[in-house]
Amino acid sequence: MKVGEKHFRTIWLNADGRSVDIIDQRWLPHAFRIETVDTIDGIATAIRDMWVRGAPLIGVTAAYGVAMQMADDPSDAALEAVWHKLHETRPTAINLRWALDEMTRMLKPLAPSERAAAAYRRAAEIADEDVGLNRSIGENGLKIIRDIAARKKPGEPVNILTHCNAGWLATVDYGTATAPIYLAVEAGIPVHVYVDETRPRNQGAQLTAWEMAGHGVPHTLIVDNAGGHLMQHGDVDMVIVGTDRTTANGDVCNKIGTYLKALAAADNGVPFYVALPSPTIDWTVADGLKEIPIEERASDEVSLVWGKTGDGEIAQVRVSPDATPARNPAFDVTPARLVTGLITERGVAKASRAGLAELFPERRAAAE
Ligand SMILES: CSC[C@@H](O)[C@@H](O)C(=O)COP(=O)(O)O
């Protein structure tokens, strides 16, 4: 998407054919910085410390990590080691494991001498595929927004609430939850987005708000606890969020706080949609609550917040007493029964085993 007048993806291969450049998301919205990453350790750090984040982008970054490893050492042992090294960086987003499995499946049968070139080719394809998937999600989600708009008075915006950042910064381009929003704006449908700040790391306040502003999408930042109140007063027409892992029966794991939004939406009859590309479906898991590993991140992320000081410096401040302990589960699981629909690249599925199997019969069959 655009940054100023220039089109950017979140990650791209450099002319040296080895290193990647990434948008370093730690500094947004206050500074737009690009980092070059040219080692496996650098890739692991970028994922773990959230220079890049968002399930699809984590997967693509890991794919380039495997390619870098193959350029250094294309042996079977190195291929296995890089799988483990990158897999442990962030446990919840299934796209990470999907990308590592996909790279391994493709590279294993090749002679070591062929692996580096093939790995870079496949990593680039996965990046391009992500863009295509998101575009299709956008088209399928656009139909839902269009239907809601048709029931409104002319000129009245469709009010969409989103949580965290499932925008272009979380993917290679377009985003998942935001793709239908961008297409609605392009189609001239009036929309307005309520952006949850998304404590503790504030991906909504810092990233989604920046994206919306950059593309002229009318939006309003709200604190995480405001959504239920707004829904009770008829101010939200629909919720669209992303997901880090959706199970074969439609349970949705996403940024902490998503579940509370789904509960409030169900209580108020507000449709709750989840936008996801198929690599985010974990066909091996049935019960999201019991089986999805939930990342517990450092307690500092709760006790300290990043922001811009009056002097224009990007700095961290403490919001709690020095000695107060904090706990930081990064994701939660929204049961399928609270999800109105799953917006995928193939259409909108019911959040159920049958609904997903109908859209992806070959994947369901392969998992059995
Ligand atoms: C298209 S991104 C989907 C999810 O990864 C997104 O909603 C999310 O929860 C991101 O969490 P993050 O911890 O910032 O990586």
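Note: Cβ is positioned from N, Cα and C throughout, glycine not excepted.
Keep in mind that TrEMBL annotations are predicted by a computer and have not been checked by a curator.
Here TrEMBL has Arg53, Gly54, Ala55, Gln203, Asn254, Lys255 binding substrate, and the candidate from Arg18, Arg90 in that same listed site is Arg90. Take the Cα of Cys164 (site 'Transition state stabilizer') and measure to each of the recorded positions Arg53, Gly54, Ala55, Asp244, Lys255: the nearest one is Lys255. With a cut-off of 6 Å between Cβ and the nearest atom of ligand 1, the binding-site residues Arg53, Gly54, Arg90 reduce to Arg53, Gly54.
Among Arg53, Gly54, Ala55, Arg90, Gln203, Asn254, Lys255, the residues given in the record as binding substrate, the maximal Cα to Cα distance rounds to 17 Å.
The distance from the Cα of Gly54 (substrate binding site) to the Cα of Asp244 (active site, proton donor) comes to 7 Å. Listed in sequence order, His163, Cys164, Ala166, Val241, Gly242, Thr243, Asp244, Val274, Phe331, Asp332, Thr334 are the same-chain residues at least 6 apart in sequence whose CB falls under 8 Å from the CB of Asn254 (substrate binding site). Residues near Arg53 (substrate binding site) in space but far in sequence (CB under 8 A, at least 6 apart, same chain), listed by position: Gln25, Ile47, Asn165, Ala170, Gln203.
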